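Okay, structure first, notes after.
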């Protein structure tokens, strides 16, 4: 494994990073169009719009961050990119918790969105001091769903659970490459894990929660 000189991604890495999440952006746009025309009750449509919006934001921010070269713009999109992860995690919770629909689900959803807003605040005003904090918060938000496992098992079939945990596992395994992205191409590998996790959760949401 080749260690990169410095923290900046190489030109070829950034091209790969832009392409991988550019593909994700195209798929997110298609998904958002589908969600916008979804025929269902108001809570289903609202939850899908929230999820679709955060999915679109995630891949837009990441693609722009890895595409631009101007230092000031890159810093702005870095903040947006990292903040979008928090919002996307909360967005993924929204259709599932709406599907469960009980008091505990709404409490968990409120907690997750509060954590997301805290993460956005920290990224916006304390970007350079939040790497460890961010990693812990990302993982904590992602796996908080475990506290609702009984309700999830009652409301959703086993297939949904498989896709839910497959997505969580993909993101969690990808974190290894995210924290080690000083090694050449590891950040691109992280992007591939994000794509895999996104696909798993998209499949779960579209086929099992609405």
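Every residue gets a Cβ built from N, Cα and C, even glycine.
Because the structure is a prediction, the values reported are computed rather than measured.
What TrEMBL records for 21-39 (among others) is transmembrane segment. With a cut-off of 8 Å between Cβ atoms, the residues of this chain six or more beyond the transmembrane segment (21-39) that come close are 45, 48-49, 51-53, 55-56, 58-60, 62-63, 66, 191, 194-195, 198, 202, 206, 210.
TrEMBL lists 45-67 (among others) with the feature transmembrane segment.
Cβ contacts within 10 Å of residue 191 (Zn(2+) binding site), excluding its own Cβ and spanning all protein chains shown: 24. If you look up TrEMBL, you'll see 66, 187, 191 marked as Zn(2+) binding site.
Counting residues 6+ beyond its ends, the transmembrane segment (79-98) has Cβ neighbours under 8 Å at 43-44, 46-48, 50-51, 53-55, 57-58, 60-62, 64-65, 105-106, 108-109, 112-113, 115-117, 119-120, 123-124, 127, 134, 137-138, 141-142, 145, 148, 152, 156, 164, 201, 204-205, 209-210 in the same chain. Residues or ranges marked as transmembrane segment in TrEMBL: 79-98 (among others).
Residues 83, 85-87, 89-90, 93-94, 97-98, 134, 137-138, 140-141, 144-145, 147-148, 151 of the same chain, all 6+ positions outside the transmembrane segment (104-121), place their C-beta atoms under 8 angstroms from a C-beta of that stretch. Annotation source TrEMBL lists transmembrane segment at 104-121 (among others).
Per TrEMBL, transmembrane segment is recorded for 133-154 (among others).
Outside the transmembrane segment (160-179) by six or more residues, the chain places 96, 135, 138-139, 142-143, 145, 152-153, 186-187, 189-190, 192-194, 196-201, 203-204, 207-209 with a CB less than 8 A from a CB of the stretch. Summarising the annotation, TrEMBL assigns transmembrane segment to 160-179 (among others).
Annotation source TrEMBL lists transmembrane segment at 188-208 (among others).
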Using a Cβ-Cβ cut-off under 8 angstroms and a sequence gap of six or more, which residues of the chain neighbour residue 187 (Zn(2+) binding site)?
9, 13, 17, 177, 178, 181
Neighbours of 66, 187, 191 excl. site residues, C-beta within 8 Å of centre, Zn(2+):
9, 13, 14, 16, 17, 18, 20, 21, 62, 188, 190
Listed in sequence order, residues with CB under 8 A of residue 66 (Zn(2+) binding site) and six or more positions away:
9, 14, 17, 18, 21
